[in-house]
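Peer 1: I have a structure here, written as structure tokens, and I will follow up with some questions on it.
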Amino acid sequence: MEVKMQNKTYNTRALAEAGLTIALTVIIMLVNIYVPIASLVANFIVPIPITILYIRHNYKVTLISVIASGIFIAMFYNPIYAISSMIMVGFTGVVLGYCVKNKKNFGTTIIFLSIAMALGTTIYTTIYITLMSNDGIYGFVSKIVKNFNQSMEISKSIYQQAGVSSSQLAPIEDLIKMFTPEYIMRLIPGVIIASSVILAYLNYTITRVVLKKLKYEVNEAKPFNQWYMNTRIGTLVGVILVLGILFNRNNMAIGQYLINSSGLILELVFLLDGVSLITYYLMNRYKVSKKIIVLIIVFTVMTKLSLVYGLAGFIDMVFDFRKLDPYRKLKK
């Protein structure tokens, strides 16, 4: 009898909290829709109620809440938007809730969250573009490229009328030639993966602040000066790049996709590793203040010095100057 009463109390509480989660999710999503300026913040806030619900209950209650939220958004706004957005938000909230509830470490959580965001973004984009545009993804990209090239041609004409020489306009012409639908399509996988990792970190950081306020135990985010490129991940991406080169030599279309995407990912991770390495030495060896370090990074990372950061990141992956790679510690 007592067990039945406890189950009834639990079910009532779960139902009430699920209802609250649905209400919060729908309200935030509608704010996201009708107040575009708030969308940047709202996109990081929406998964938080779902994450908390998963931590407090289980995936069944959470999944029902996500589906119900999608139904309400479809009723109030648009079925296509509801399906695509709730898939992305649902993936993020459930995965983060699972990682926090099962006390996964920071690195594992970021990997899981990045995968969830990449899948969610892919599904969201595919559904939205396919259903909203008759031209499909390639046609959608072609329109963007066409508009971009038209604006570049207008800028080029203005510069020519102002007396700018052909040699000075060469970079614009090169950009127009490079910026093709095929080139953008090849970059999309790499852009999705890279952006998913960045968004996963931001989402984790914001959600962690909220969860700490609510007295939940959440693993600390790793300080930026301790970020590093794991040799196994670096090797894996490097192998994908080599495979892309081999496929491309055999005139296989997938080769260019692998080359462009893996190359973009390697450039980004080496850049981040290099900036992290420089930050580490400036803070620990030369005792430079954080504010000065931020200024140095901001004014150099978008210049040709970014190549130096990338090279430093590659060398750090090979030699592990900060002794952060756990796999190397195990070997020793």
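Glycine residues also receive a Cβ, built from the backbone N, Cα and C atoms like all the rest.
No curator has checked TrEMBL annotations; they are predicted automatically.
Quick paste of what TrEMBL says about this protein:
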type	residues	note
TRANSMEM	20-46	transmembrane segment
TRANSMEM	83-100	transmembrane segment
TRANSMEM	112-131	transmembrane segment
TRANSMEM	183-206	transmembrane segment
TRANSMEM	227-247	transmembrane segment
TRANSMEM	259-280	transmembrane segment
TRANSMEM	292-315	transmembrane segment
Peer 1: With a Cβ cut-off under 8 Å, give me the same-chain residues at least six positions beyond the ends of the transmembrane segment (83-100) that come close to it.
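Peer 2: Beyond its ends, the transmembrane segment (83-100) has Cβ neighbours at 25, 29, 46-55, 59, 62-63, 66-67, 69-70, 73-74, 108-109, 112-113, 115-117, 119-121, 123-125, 127-128, 203-204, 207, 211, 216, 218.
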Peer 1: Let me spell it out: take the transmembrane segment (112-131), skip the flanking residues so only those 6+ beyond its ends count, and list any with a Cβ under 8 Å from a Cβ in it.
Peer 2: 80-81, 83-85, 87-92, 94-96, 98-99, 104, 137, 140, 192-193, 195-197, 199-200, 203-204
Peer 1: Take a look at 183-206, 227-247, 259-280 and tell me which one has the most Cβ pairs under 8 Å to the transmembrane segment (292-315).
Peer 2: 259-280
Peer 1: Look at every Cβ pair spanning the transmembrane segment (227-247) and the transmembrane segment (183-206), keep those 6 or more apart in sequence, and say whether at least 3 of them are under 8 Å.
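Peer 2: Stretch pair does not touch.
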